[in-house]
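Annotated domain 'Globin' per Swiss-Prot: 2-142, in sequence order, evidence recorded as sequence analysis. Among the features that Swiss-Prot reports, phosphoserine is placed at Ser4, Ser36, Ser50, Ser139 (among others). The annotation N6-succinyllysine is assigned in Swiss-Prot to Lys8, Lys12, Lys41 (among others) on the grounds of similarity to another entry. Among the features that Swiss-Prot reports, N6-acetyllysine is placed at Lys17, with the record citing similarity to another entry. The phosphotyrosine annotation in Swiss-Prot covers Tyr25. Per Swiss-Prot, O2 binding site is recorded for His59, and the stated evidence type is sequence analysis. If you look up Swiss-Prot, you'll see His88 marked as heme b binding site. What Swiss-Prot records for Thr109, Thr135, Thr138 is phosphothreonine, and it gives similarity to another entry as the kind of evidence.
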Amino acid sequence: MVLSAADKSNVKAAWGKVGGNAGAYGAEALERMFLSFPTTKTYFPHFDLSHGSAQVKGHGEKVAAALTKAVGHLDDLPGTLSDLSDLHAHKLRVDPVNFKLLSHSLLVTLACHLPNDFTPAVHASLDKFLANVSTVLTSKYR
């Protein structure tokens, strides 16, 4: 799914509003995913998955950092996320559906925290962006 110029602008503007909260929102999205889709917990058997867990916060920071990097390289997501794609496909062997579940959880989290900025157009642009990220992360499964 190709991001239009308007989509890219919307994604950059929305992620800019996230600002210093990116890690916290990433952790909240993970918590939301674990609660809404309990099967996703199977990939984190060594984590304390309770609310406010340092491990979930730490992984939320990693998710947010990867997304921040992706937002900065919207024209080269495959190159930007290549190492993460390798990691998730070959070492972690994460079921590709989980990227969609995390994307959904992140959209809900952003909608909760940025209600005035989360317009239908921004929602659509972020959804397309996260779908593209998911596609790149699962590209090496084939």
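Heads up, the Cβ atoms here are built off N, Cα and C, so glycines get one too.
Note that this is a predicted model, so its numbers are computed, not measured.
Within the same chain, residues at least six positions away from the residue listed as 'N6-acetyllysine' with a Cβ under 8 Å of its Cβ are Leu114, Asp117.
A count of other CB atoms within 10 A of each Cβ picks out Thr109 as the most crowded of the modified residues Ser50, Thr109, Thr138. In the three-state DSSP assignment, the secondary structure recorded for Ser50 (phosphoserine) is coil. Note on the domain 'Globin' (2-142): mean pLDDT across this stretch is 95.
Counting residue by residue with DSSP, the domain 'Globin' (2-142) contains 112 helix, 0 strand, 29 coil.
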